[in-house]
Amino acid sequence: MAQSANGVDHEPASKRLHSRVEASCMDLALEGERLCKAGDFKGGAAFFEAAVQVGTEDLKTLSAIYSQLGNAYFYLKEYGKALEYHRHDLTLARTIGDKIGEGKASGNLGNTLKVLGRYDEAVVCCQRHLDISREQGDKVGEARALYNIGNVYHAKGKQQSWGCSQDPGDLPPEVRETLEKATMFYEMNLSLVKELGDRAAQGRAFGNLGNTHYLLGNFVEAIKFHRERLSIAKEFGDRAAERRAYSNLGNALIFLGQFDAATEYYRKTLQLSYQLKDQVMEAQACYSLGNTYTLLQQYERAVDYHLKHLIIAQELADRVGEGRACWSLVNAYMALGKHRQALPYARKHLEISIEIGDREGELTAQMNVEQLMETVGMEEGDLSSCGSEFEIQGWFEISLKCSLILLNLQTFYKFSSSPIHCLQFSLVSRPLLAGNKTRQWVDGRNSPVDAQDIAVQLPAPKLGRDPSDEDCFFDLLSKFQSSRMDDQRCCLDEPQNGERGGVPAPSVNDADSSLMTSPQTEELFDLIASSQSRRLDDQRVSVGNLPGLRITHNNLNNLGHLCGDGDPQEPSDDFFNMLIKCQSSRINDQRCSPPDPGSHAPTVPDEDFFSLIQRVQAKRMDEQRVHLPSDEQGENSALPRFRSSPGTC
C-alpha cells in the first residue's frame, strides 16, 4: 500500500517536472522569435541556443527552433552555424515526414550555400524546394523557390563577370547564359506573384529583373523594370528600396548617355541616403555624382562631390575609397588648370596606392606627381618643405566647402509619414506556434548608387598536399597490410606423407614471419583497426547529432531509423541524382584560387561602371587632344601626359 502511494505521488511529480521543462523551452524559443522579429538577431540567437540547451521531445517544435536559429545566424553572417542548423532542420523534417518543412529547409540551405559561393549545390537545394512546393500545391513556396533560384544564378553571373574587361553587355558566353537563366526564373516568379496579388514580391522581382538586364547590357529594359520597382517602393513607403531604384535608374541612364537625367536620380539617392543615415550609400552617391559631373565637364561641381566622398571615406577608414577620391580630385583640378591644388591630392593618391598594393594606381599617381611638379616648377627637394601641404591646403579647402554647404541649406521635400516596411527575408522561418537633422549640398540637390544583392564570397579552404607524403603513406600501409589478406583465405588440409614427392612446402620469408608473429605488430594492427573503424561512424546521422532532442517513448517510433532500429531503406534514385549534382563541382576545390581582387572599398560602388565609361567615352578624350606635326615627334615624349581616373573624359 505504501509502495502504491509512493508510486501515485511520484508520477504526478515527474509529469509536473516534464511540463515545466517544456514550458521553459517554449518560452525561451518564443522570446528568441520576438527578438528576431524586432531585428535583434544576436539576442534572438542567444535565446534559441538556450532553448536548445533545455531541450524538448516535440520534434516539430525543435525543427522550428532549428529553422529560426539558422536564419538568425545567417543575418549575423555566421554562415557556418547557419548551415549546421538548417541541416538539422532538414534532417528532422524528413524524419517526421513534414514535406513543406523539408522544402523550406532546403530553400534555407540553398540561400546559405549561395552566400558561401557554392552555387551548384545551392541550385540543387533550391530546386528541391521548388519540386516539393509544386508537389504539395504550395504556390507561395513555389514563388519563393523560383525567386531563390534566380538569386543563385544572378550571384553566380556577377561573380563570373568580375574581372571581365568587355564593354557593357559584351559578356563571355557562360556569363551571359547564367544571367539569362536568372532572368528566366525572375520572370517566372513575377508571373506567379502577380497571380497571387503579392505587390511586395512583385517589387522585388522588378528590381532584380532590372539588375540582370543591366548586367546583360539591356539598359532600356533595365530602366523599364526599375521604374516599376520605384513605383511599388513609393506605394509601400519603402525608402530603402526607393533609394536603390533611383540609384539603378541613374546607372542605366549613364550608359544611354543621358547624363543630366542620371544626375537627377543620383541627387534623389543622396537625399534619401541622408534621411536614412546611411553613410556608405551617401559616399557612393557622391562618387557617382562627381564622376557624372566630370562627364558633363562641370568640374567645379565634380570637385564638390569628390571632396564630400573624401571626407566620408576618411571617416569610415576606407583607404581604397580615399585613394579613389584623391585620384578623381587630381583629374578635376587638372581639367580646371589648377595644377598646384592637384599636387597634394596626387601625392596622397601615391601614398595610398603604395599602402594598399595598387600597382596600377601607384604608377598612375607617380606619373601625375612628376608631371605636376614639372608643370608648377617644383623640384624633388621642395617636397619636404610642403610635406603638410595636403593637410593644410586640402583640409582648409574641405572645411571651406563644408561651410558653404551649410550656408546654402535648402529645405528637402517632405516624405510621407507612412512607416518603412520591414525587409522581406529570403530565408523562411516557421512559426513556433500554429495558427534630425538633414545635410544639404551647395546646389541643394541629391543622388544614388546601389550595390543590391551583394554575395559574400568565402573562399573554400585549400589543403596543400605534397605527393611524396601520400606515396610514403601508401608504402607504409602496404608494408603492414600486405600479409593481412592471407588471414581471410581458407586453410588447406595438410598433404599426406609422400603426396608432394619430397618437394619442400613453401614457407614464409623469415623476416615476414617474425613480423607477423611479433606481439608489437599485432598491437599495431589492432590499433589501426580500432582507429579506422570509427571513421565510418563519423559519417552516420545519429540522434546525438541533433542538439536539444530528448528521446522518450512518445517520439522513439519516429526516430527509429536514426537510432539504428528498423529496416534500412535503400536511397531512391532522386537522392543519388542530387548527390551527383552536389559532388560534381567538388573538383573545383582542388584548383588554385583566383588572384586577389584587391581591397574592398565600401564607399565606392561595387559595380563601378565608370571604369567601363572610360572605354565607352575614349573617343571623346581624343577629340580634346592637340595633334602636333610629325617632325616634332621627338619633343612630344617630353610633354606632360596625365592618366585619368574612371569617369574622366
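Note that Cβ sites are derived from N, Cα and C of the backbone, with glycine treated the same way.
Listed in TrEMBL:
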REGION    494-515  region 'Disordered'
REGION    587-606  region 'Disordered'
REGION    622-649  region 'Disordered'
REPEAT    63-96  repeat 'TPR'
REPEAT    243-276  repeat 'TPR'
Across the repeat 'TPR' (63-96), average pLDDT on the 0 to 100 scale: 93
The repeat 'TPR' (243-276) - residue tally per DSSP class, helix then strand then coil: 31 helix, 0 strand, 3 coil
DSSP-assigned states of the repeat 'TPR' (63-96) in counts, ordered helix, strand, coil: 30 helix, 0 strand, 4 coil
